[in-house]
Structures are given as C-alpha cells and as structure tokens.
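Following: one structure in structure tokens, then a few remarks.
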Amino acid sequence: MAKENICIIYGGKSAEHDVSILTAQNVLNAINKDDYQVDIIYITNDGAWKKKDDITENVEDVDSLRLEEVEEGEISNLLTNSSSGQPYAAVFPLLHGPNGEDGTIQGLFEVLDLPYVGNGVLAASSTMDKLVMKQLFAHRGLPQLPYVSFLRSEYEKYQSNILKLVKDKLEFPVFVKPANLGSSVGISKCNNEEELKSGIEEAFQFDRKLVIEQGIEAREIEVAVLGNDYPETTQPGEVVKDVAFYDYKSKYLDGKVQLSIPAELDSEVQTTLRNMAAEAFKATDCSGLLRADFFVTEDNQIFINETNAMPGFTQYSMYPSLWENMGLSYADLITKLIELAKEKHVEKQKNKYKID
C-alpha cells in the first residue's frame, strides 16, 4: 500500500516557538514512517515558511529542525505540493500559542480545503482565549474559581480602580495570566499587591488582555480527550511538583515535575472529571484532541481550570502519557489523530456551498 503524505508544521511567531520545535522532534521520531511520507514546514520567529521534504530518519539534534539553510517559500505552494506530487492526506500543525493554536492557521487550512489534525477555527480560538473559554464553561455550568479580566488599555487608564477590584473580588495568592498564551509563559503567582503589579506588567508584555485567577490549595489533575463528535476520555493524571509553581522552566527545561498516572482519586471523582472533560470538549466545539485541566481540593471539590487545544508532545507531556496508560501508544495516537483529521474533512465535504 502506498504511503500517505503528511506535512508537519512547527515553530511559529509565538513565545512558545521552542516548545513547538521540541514537540515536532518528538512526533517526527514517533510517527510510523512505513505508513507516512513526511514533509516538514518550519515557521521562523519572523514568520518565514521553510520546507524540507521526505523526512526518513529520526531527528537527534533538535536545532537541526530550525532549517536555517533552507530558502523561504510561498505558503500556498508549500502546503499544496507534497514531495511525492500527491495531495497531503493531512497536515499536522504542532504550533503552540498565538498564530498557530488560536485559529489563525486553521483558517488558512480551511481556505485551502486541507485536512488537518486538531481543532477548527472556532474551537482553537475560543480555547486559546482564557476569558472566552471561561465564559463558555460558565454557560455550560462547569464550576470555576473566581477571576477578573481586563485590557492593557484599561489598566493604563484605571490602574487604581482595577487593583481595588482585584483585591475586593479575590484573595492572595492570585495567578496573573496573559489571556492568549499557554505553557505557563508570562504567568505569575502573586502573594501581595507589589507582586500583583509586577505580575500584571509581566503578563502585558505578551498580550493586550489578561486574566487574574483566585489561587487555591488543590491538586492539579488533567484528563485527555480524543475524538470528533463522540469524544473519548482517559483516566485522570496528576501533576506532582517539586516547585511552588508549574511554570515554563519547570515544565520543559528542569524536569522538576512528575506525572502520576492514573491519579489516586475516588472512582466517583474520576468519573466526574472525565464527564466534565467531555463537556468542556463539546462546549468549545472541539475536534481531534484536547487536554482539560482541573483543581481538586482535599474535600473533593472540582473546578475546571482551563483546556489546551494543542497539548505539547515533549518527553514531559501529560497528554500522550495519559493515552499510553489507556493502552494507546504514542505512535498509534499520532495515527489516530491523522485518521480523525481525515474523518473531519470527509464530514465537511457533506456541506453544500451553493444553492441549486
């Protein structure tokens, strides 16, 4: 049987650029190259698109994926011309953060009518924006912790009023987050007003909108979701930290985080978490994959924290580990995601685009 053509896209104009490259290395080394002919497209920090065809060997040096010697190409040509001359069975965007995980590149795929792995424009954009995501969860009745959100322009004009609002509505510690970033980039844990001001300034370096959330003493529990219209969920896993805050460095660089899979939880709590993860998936009209993150208190109160529409596939990642625990290997998970992308594209072709 002939190999299917797959294009993996990574890098991107985002603060999570390096995380994306790590994810690409992991996927390239795990994908079944007997079944797929794999081309890669690297998007530089400046937005240039560079392509390398027919990757047959594992990638040992992650920096080799930066494709510094490759010339920039025309985007539409790169996406529509595979190394074999056949159309791509699917493109696999491994882009994290703005300009990749937020619906922008998904819109490009839709315009070009390409099958692609993961969430569509609506789901990607709504799960990327923490405020919109929280509003959709509230509409679905999913329990959340109190929060405050505001724009950079509002803070510049009404700083004292906003700080008062935060102190009136929330108690220290609080977490300050850019609304449109993941991997804990730009996030600060703040224990007092001075740290709050500093955290706000830090977050506004990455986004024009931020969310400040109530801190809580709780376990951090995550559930993986996979599917299209009828999603499946995993047993929950737990993030066990050697640090006070699970930030970018501890996630990807230091290895100061351990994953406990499955998490030690009552069966009733596990069932509730899995049901809530599926509800979160449906609330934002997801397809392909999603990771849902929760807080579980000592007395088993459950709060949804956020969802991640493109969880990383690095060696520290929870998402593939949760499916491994369910009996689905990393390579088979990648294959399943490609099949879901093709399924979603076939479903889309049933739509009429003209009136007879």
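Cβ from N, Cα, C; glycine included.
Here is what Swiss-Prot says about this protein:
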- 134-339: domain 'ATP-grasp' (DOMAIN)
- 167-222: ATP binding site (BINDING)
- Asp293, Glu306: Mg(2+) 1 binding site (BINDING)
- Glu306, Asn308: Mg(2+) 2 binding site (BINDING)
What is the interatomic distance between the Cα atoms of Glu306 (Mg(2+) 1 binding site) and Val174 (ATP binding site), given in whole Å?
15
Local confidence of the prediction over the domain 'ATP-grasp' (134-339), expressed as mean pLDDT
92
How many other Cβ atoms are found within 10 Å of the Cβ atom of Val174 (ATP binding site), counting all protein chains shown?
26
Around Ile216 (ATP binding site), how many other C-beta atoms are within 10 angstroms of its C-beta?
15
Leu181 (ATP binding site) and Asn308 (Mg(2+) 2 binding site), compared by Cα position, are separated in whole Å by 10
Given the binding-site residues Lys167, Lys209, which one has the fewest other C-beta atoms within 10 angstroms of its C-beta?
Lys167
